[in-house]
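K.L.:
Mind looking over this structure? Questions follow.
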């Protein structure tokens, strides 16, 4: 059997323990999928694989036990799924054009969760749209609120939903549900003065818990959606660490631009001798220093008036 | 500003008489109809209002005994004679002295509960001939909590008075024990006719009333005064409502037949 | 008398009405719901007929128009109390039958119980009702059970069908606004049946206090007070005195909505609280709505708008509680 494993991997298949057998990897940007596609995946698993399906940590699926010679058929069978999930493809019926940049993962977000501050899936899809296909190793995760259920702080880019709660003092009946709750579940940014809530803006993390607790809608979410962008978290054998805050109260457009710019930076600074031509973005930033990274990624980024960017990051 | 019941009037503090560290009686300028057991909403602008019952009524004054227990009363206690407080009222029904005339009357008061009934005691101590017999039992936490010490001296010869404190104390040789124990010992001449007024903290009222019932006092001859959170005093704010009864309107003084149905 | 008008014609009339009246109606507040990307419908001043939300039940009742959430009673200076300025422009409120009935309950407390409330009366006497048609019974509504599905107490009736508005004028002064309208027979059709029924027990008395049915609410209720704030008939308030930070010698006394479910409602100075248990608070509220208000005033307080059920984050249903009480009274549970 003559197989170009480099091409196989780039096509989102895996070299497995069992000789001649591969596994097909299906990315699901934003982690939300129409149930009808599961039937197609089931058919592929039963026809070409060993009848099982693995749910990956990055919210994709992996169909193991596929004979490598069936890759073209599997790619054809995957075509409606790829199209249905709006994946950027180079040519139809050839499967996924890249696998380096990983599936953009997201918590369930405001489609379902009462705590979420935005639609994580649709933002994830917007990011997928501009960064895929790409061979560089970048991991992105989106989470609806600072609870960070997706563990976005373990990723190169963690996008945490924020809102700027709007307070209409006239509607406040002084029940202090927001004040108590902020103390217990958030950061204690609220206090009670003259029978109304007073916010310490420095402490407010924009989680929106106060909005959820208010019985009169004195607290409501801002029309604008904000995010906390945390960067360069990672797992791995070498020096794992959690992502640190880069910009808070940042807007969606700026985040997309920063992620896009990151690819140019990787292009420039990646270790050309890295094994397999693959170097994780976090290690590149370690090498060039944060300031150089920052200079590159902020090109043409116009941060909003509320955005707060850190000067330096000490991971 | 026509008929705005929320607007308070200014009233001058004539004098202040401390009873304990936290209980002072404020004599306030007031002319108008008022009955013992009624209450005023007393306020200091910017701090708030507190419902305070009337304990003595003169031709141009009312006495309000105010315990220092919260935001408003803490500030009131820093005031001096000649300064002004704001008041609205009087509110509530108060005690009707005519009910008790020519019969035997027993008043059982716990702690500050003595304040709202003090007017009744004063009245009958001054009109002792209009009542058959008058007994007073007052309970306080300790001897330093005893209120109206001077009044007791005036009442004592005319009214059969028992003062008790909750626990034994060094250097105190008066009665010790809960009010209920003294109710048990009390000699009542005509159980079927005697009227009883019980005022005090909720738990004290509950047990004291029960003790009187055990002794054979008729429920319709028992009177109580209720204390509740009140913001308006005029049947709007809803805080004092129990069932279909507004304590501020129909109370705070209730016959026990009614009171026993008032379950919070 | 009835008229039909198209939207453009009505816009002109609306402009005329606005000269005489401040108009309040349910309005859709986009993305202002409790959860992200959800909407809110509540009362607000309306400047354009298109701003009126005809199709949804408002999350909050119209009571906030005549009983503001926060209302300044007067201002203090060093030794004076000064009433706030009062806007004497008349008020039109667009509302549904149940809400008109709810205002009657507020009137009972604020105008009759223990005398007239000055601040309420001033606002209330400026108000005229515009009845809105309920095309269908909304979720959780049980107005038919509470006899609030129909009303005659309105000055105007309006229903909207696409771009055509049908108007019934019951009060003569409004006829002058409608001289251009096409005459037509218009009258409201009222809801005759709700999906939800609340069987208010007739033989209820306070012996039900001892029933174990209240116990579950002690653990289910979180004492947030939403059932009270959305209710059209809850009118309790708390007095608040404040002083201004930049001049502590001046301040104001105001009243603010209160909730009998929230901690502190019965707490006296010194800390004694009469209803600590949330089951007791639920009992207090339910009995007020379907027992003791009736005992005092001769009709039930609850109007069956179902907003408390719509709003409860713990899915406690008021109507279901009433039905359970009915079963207890009948000896079925």
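Keep in mind that glycine also has a Cβ here, set from the backbone N, Cα and C atoms.
Straight from TrEMBL, here's the annotation block:
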type	residues	note
BINDING	B:232, B:237, B:240, B:248	[2Fe-2S] cluster binding site
DOMAIN	B:6-97	domain 'FAD-binding FR-type'
K.L.:
Centre the Cβ atoms of B:232, B:237, B:240, B:248, go out 8 Å, and tell me which other residues of that chain have a Cβ in range of the [2Fe-2S] cluster site.
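P.N.:
Checked against the 8 Å cutoff, the neighbours are B:230, B:231, B:233, B:234, B:235, B:236, B:238, B:239, B:241, B:246, B:247.
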K.L.:
Kindly report the helix/strand/coil residue split of the domain 'FAD-binding FR-type' (B:6-97) according to DSSP, in that order.
P.N.:
7 helix, 48 strand, 37 coil
K.L.:
If you skip the near sequence neighbours and keep only those at least six away, which residues in the chain come within under 8 angstroms of residue B:232 ([2Fe-2S] cluster binding site), Cβ to Cβ?
P.N.:
B:6, B:41, B:248
K.L.:
Pop the mean pLDDT for the domain 'FAD-binding FR-type' (B:6-97) in here, whole number is fine.
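P.N.:
Its mean pLDDT is 94.
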